[in-house]
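What TrEMBL records for this protein:
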type	residues	note
SIGNAL	1-28	signal peptide
TRANSMEM	231-254	transmembrane segment
TRANSMEM	296-324	transmembrane segment
TRANSMEM	330-354	transmembrane segment
TRANSMEM	366-389	transmembrane segment
TRANSMEM	395-419	transmembrane segment
TRANSMEM	457-476	transmembrane segment
TRANSMEM	488-509	transmembrane segment
TRANSMEM	521-545	transmembrane segment
TRANSMEM	557-586	transmembrane segment
Amino acid sequence: MARKSSMGCGNYVVVLVLLFFGAMKVRSDSSDHKYKSGEEVPLYANKVGPFHNPSETYRYFDLPFCSPGHVKDKTEALGEVLNGDRLVTAPYKLDFTNDRETEVVCKKTLSKEEVARFRDAVAKDYYFQMFYDDLPIWGFIGKVDKEGKADPSEYKYYLFKHLHFDIHHNKDRVIEVNARTDPNALVDITEDKEIDVDFMYSVKWKETDIPFEKRMEKYSQTSALQHHLEIHWFSIINSCVTVLLLTGFLATILMRVLKNDFVKYAHDEEAADDQEETGWKYIHGDVFRYPKQKSLFAAALGSGTQLFTLAIFIFILALVGVFYPYNRGALFTALVVIYALTSGIAGYTAASFYCQLEGKNWVRNLLLTGGLFCGPLLLTFCFLNSVAIGYHATAALPFGTIVVIFLIWALVTSPLLVLGGIAGKNSKAEFQAPTRTTKYPREIPQLPWYRGVLPQMAMAGFLPFSAIYIELYYIFASVWGHRIYTIYSILFIVFIILIIVTAFITVALTYFQLAAEDHEWWWRSFVCGGSTGLFIYGYCLYYYYARSDMSGFMQTSFFFGYMACICYAFFLMLGTVGFRAALFFVRHIYRSIKCE
């Protein structure tokens, strides 16, 4: 019966994986439509918002634009809703290959309140976003005339009233679309008074030889421009050279020191038995003493392993081309679904390691594992979603989406976590300690201040952070800006460098800690490995105040709130990498010597 249940669970996971990839396929092929001359091509208005505040976006018709007679919402996937997309039918008619010369969308009298709303939006540099046959369109809704005016009260505010669409087609398919505003068609909205506005648009179709399969390439050209690529590769080469020199230097020292230790200890074994042991061999009876708070430690290890697996799967999807530019919401969909499917890995790792450490209350350990990352993420989401609701922003998730996420957690994440925990508990794996642990722990000698936890974390986090520093700017400019990031191969190389450096620096610091006869290395190796996450959060402060123009309570809270969750995830993931490397190293060196 147990075998049958296991097969059922496996089939369940396979079905979910197939549904996920099927959903991704549907999204990527949704615009693969052929049109006939005069056929209506779908145009959807998405959102508006301050250009420098990417999280603060609002529905398109929250501003008093001309709206069609019946505004129809487009059905959106989970990832699109999480991305803040709220697509509705736009008032413009852009029929396939039909040119239009200055068509009037509507004649509208703007009230004083509507003029004030438009002026406030123009002052905050609002942009709009639309999608035409799944191709993105951007533009600004107005401009501020500051020329020759020192006093802000003398600024002039203008609203664009004419939108021109340039559309390229290849026989029966839409290839490219651009929107530009007529600089001469302006409405002065500087004063609070009623204004009559004729909102207009025009359309010009042109034929192109670009094949349909390459129509998304133009959106990735900015990140693949020659000078950008040169900077990217220079940063990679610089990081590789730095890492190789430093790790090679440390490895040489470490190997020489270890070799001398092995020779010394081998000589000591042949000498008198009453000769006093020193260094890391002296604490062989304490080095494998289980850490304090072992339930929390096992839970952190399980969560970190799950997040590491999640990162690997995301990179695989990126490298095979799933996250092409403006595949709306694909990344968020992948994060939610893969995190749910990998929860079994967290349960198995945590329960298995907890039982190896002779833990008894594995159910409590499993609950701790499930809430260690999701708990802070849930609290952060509740606060930020409340802020978004207060701002009436599109970042506020609808109740239906929250229910869907809850069902994914209740029907997929939690059951797989429990199944993984049961499998880990029943794995009967034993902790492989090369030496026996004494009954009473030795006293740790007084150590200088620079061997404390915080100085060691600072040393451990600086080198991995320096290896990824340059690439971080491009990632931040993509996540918290409007730049598109598409060079995932470079990002994957940076990730590999980050993992290698984290593992090596943690091993080196663990050796120096043991050589100083400090046997409490378990938690130290974890927090030292994860300390890069704290450096990344420090970079967030620098980026926000020195490299971006973000402002306002909502954008600030979203930036620092969600970046805190991301850096916490890095802390758990890299902490797991650091501990696993240190555990392998410690087992190896104590297996290589003879201990009584």
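In case you wondered, yes, glycine gets a Cβ from its N, Cα and C as well.
With a threshold of 8 Å between CB atoms, the same-chain residues lying at least 6 positions outside the transmembrane segment (296-324) that come near it are 24, 28, 216, 220, 330-331, 334-335, 338-339, 342-343, 345-351, 353-354, 357, 359, 365, 368-369, 372-373, 486, 488-489, 491-492, 495, 522-523, 526, 530, 569, 572-577, 579. Just going by CB pairs under 8 A, the stretch in 330-354, 366-389, 395-419, 521-545, 557-586 that sits most against the transmembrane segment (457-476) is 521-545. Within its own chain, the transmembrane segment (488-509) is flanked in space by residues 232-233, 236, 239-240, 243, 247, 250-251, 254, 311, 315, 318-319, 323, 456, 459-460, 463-464, 467-468, 471, 475, 524-525, 528-529, 532, 574, 577-582, 585, which lie at least six positions past its ends and keep a Cβ under 8 Å from the stretch. If one looks beyond the transmembrane segment (330-354) by at least 6 residues along the same chain, the residues whose Cβ comes under 8 Å of a Cβ in the stretch are 13, 16-17, 20, 23-24, 27-28, 77-79, 82-83, 294-295, 298-299, 301-303, 305-306, 309-310, 313-314, 317, 322-323, 362, 365-366, 368-370, 405, 408-409, 412-414, 416-425, 427, 429. Contact check: the transmembrane segment (366-389) against the transmembrane segment (395-419) gives at least three Cβ pairs closer than 8 Å, residues 6 or more apart, which meets the contact criterion.
Long-range Cβ contacts of the transmembrane segment (231-254) within its own chain (Cβ-Cβ under 8 Å, at least 6 residues beyond either end) map to 463, 466-468, 470-471, 474, 487, 490, 493-494, 497, 500-501, 504-505, 507-508, 511.
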